[in-house]
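S.K.: According to Swiss-Prot, the feature Ca(2+) 1 binding site maps to 400, 402, 404, 406, 411, an assignment based on sequence analysis. The feature Ca(2+) 2 binding site is assigned by Swiss-Prot to 437, 439, 441, 443, 448. What Swiss-Prot records for 387-422 is domain 'EF-hand 1', and it gives sequence analysis as the kind of evidence. The annotation domain 'EF-hand 2' is assigned in Swiss-Prot to 424-459. Here Swiss-Prot flags 28 as N-linked glycosylation site, drawing on sequence analysis. According to Swiss-Prot, the feature motif 'HXXXXD motif' maps to 142-147. Summarising the annotation, Swiss-Prot assigns transmembrane segment to 44-64, 68-88, 102-122.
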């Protein structure tokens with residue numbers, strides 16, 4: 001890869017370094033090989049020696065650090081309450097300049113002190129851009145809730161956050177101070193609303209705070225950079241990449257859907273002598289005219305820049321892939337290969353997830369009308385209103401388990417239901433049950449239940465007979481929806497899956513990536 005243009009040498013050292021699109025033309029692909037393992041899993045093995053050290057240090061450090069943090073929270077409470085007075089949850093104009101500087105300076109100091117008490121040693125590289133230079137920060141890789149350090153180091157810019165968090169007593173007040181872009185999970189139009197609000201702010205002549213976005217949309221294990229969502233890139237304005245590194249011999253901070261729990265992450269991290277973290281502000285990237293019109297190209301170029309600086313590969317995994325890991329294990333493919341394959345095929349077909357969401361009920365009607373029968377590629381094409389093409393054949397083959405040229409369209413609809421409604425467990429259960437209640441009498445059989453569970457939740461190798469007897473009783477050969485729902489919501493085997501749905505609803509991707 002060619003080096004950055006030499007004109008940077010003439011820029012005053014106090015200015016923020018800038019990349020424009022011309023200096024990125026040479027970047028066609030990452031310098032590093034593609035990722036193979038799934039970025040959504042974490043298998044950390046602690047040796048006996050590590051466990052012993054952690055327990056000994058934790059016995060001393062955790063009580064001291066927790067006491068210091070609690071004391072700090074007592075100080076933070078009145079500051080946060082006073083700061084949030086008269087601040088609306090959906091601001092229409094920026095807060096006054098004097099108030100912004102006074103409040104944020106106090107909060108930044110207290111938050112930095114809190115991370116210090118928790119044992120974090122923060123190293124900052126590069127120079128933060130001004131709003132005029134870059135209205136948006138994009139930070140990656142996103143691997144833990146401790147990544148909030150980037151928000152603090154950046155001076156508490158606005159963040160994209162769940163509207164529910166604004167109601168949390170202390171955290172909600174602190175979030176309101178940043179004038180966040182709040183996302184309503186229950187609103188099917190949340191993506192469009194969020195995108196429009198970001199666009200309104202960055203294009204406004206008013207002095208809105210800069211916005212910091214984690215474009216990956218979910219936590220990974222930092223082994224690669226997954227597909228970037230397009231919210232930060234759709235406005236077509238300059239962005240400043242912000243890199244996050246945790247150069248520690250033992251990784252205690254990573255929080256993925258099947259790794260350490262949030263409580264375990266906190267306890268393990270507080271039990272370390274210290275935890276290093278590096279926050280690096282990269283040069284501002286100015287998009288070309290082509291990239292302004294094509295946010296996918298813009299996002300991929302920035303992602304490759306960041307990956308090369310981190311010496312990490314990029315991968316076609318996306319947020320939808322992580323949902324598929326939980327919901328579509330029945331694809332009968334090696335997990336990592338199946339995820340990337342689905343993303344690539346979806347990209348080629350230009351699947352519009354907003355449009356799919358609107359047509360779910362229609363798809364369900366088609367599936368129910370088939371009464372459990374198989375459909376071929378022609379009917380599949382007709383249902384999706386897509387021409388028969390090689391990408392469509394590839395998508396079809398993912399669900400054609402025995403390669404006989406037919407699929408059960410109901411399973412495809414259940415998979416789409418999970419992808420489009422990750423936060424609505426009730427909707428998923430209702431749709432699944434409806435599709436397999438062939439005679440519409442409110443009951444399903446053991447065989448139908450087996451297929452439904454595999455398609456809806458990706459739970460392979462279930463002892464279905466035992467499970468069915470637990471749900472229906474020994475003398476019953478069918479299960480009602482009420483019985484199924486009550487069992488599914490209470491059974492421990494499903495609790496983690498439902499919890500994962502809640503964790504993964506943080507955002508959706510606006511589009512799917514091009515290959516790089």
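Any Cβ shown, glycine's included, is placed from N, Cα and C.
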S.K.: Tally every other Cβ atom lying within 10 Å of the Cβ atom of residue 406 (Ca(2+) 1 binding site).
M.R.: 18
S.K.: Among the binding-site residues 404, 441, 448, which residue has the largest number of other Cβ atoms within 10 Å of its own Cβ?
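M.R.: Per the Cβ count, the most surrounded site is 448.
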S.K.: Quick check for the class: what is the C-alpha distance, in angstrom and rounded, between residue 443 (Ca(2+) 2 binding site) and residue 404 (Ca(2+) 1 binding site)?
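M.R.: So the alpha carbons of residue 443 (Ca(2+) 2 binding site) and residue 404 (Ca(2+) 1 binding site) sit roughly 29 Å from each other.
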S.K.: Compute the C-alpha separation of residue 448 (Ca(2+) 2 binding site) from residue 406 (Ca(2+) 1 binding site), stating it in Å without decimals.
M.R.: 18
S.K.: How many Å lie between the Cα of residue 441 (Ca(2+) 2 binding site) and the Cα of residue 406 (Ca(2+) 1 binding site)?
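M.R.: With the alpha carbons as reference points, the distance is 27 Å.
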S.K.: 10 Å Cβ neighbour count around residue 443 (Ca(2+) 2 binding site)?
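M.R.: Step by step: centre on the Cβ of residue 443 (Ca(2+) 2 binding site), count other Cβ atoms within 10 Å, giving 21.
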S.K.: If you average pLDDT over the motif 'HXXXXD motif' (142-147), what do you get?
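M.R.: Across the residues of the motif 'HXXXXD motif' (142-147) the model's pLDDT averages 90 on the 0 to 100 scale.
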S.K.: Which residue counts does DSSP yield for the motif 'HXXXXD motif' (142-147) in the helix, strand and coil classes, in that order?
M.R.: 3 helix, 0 strand, 3 coil
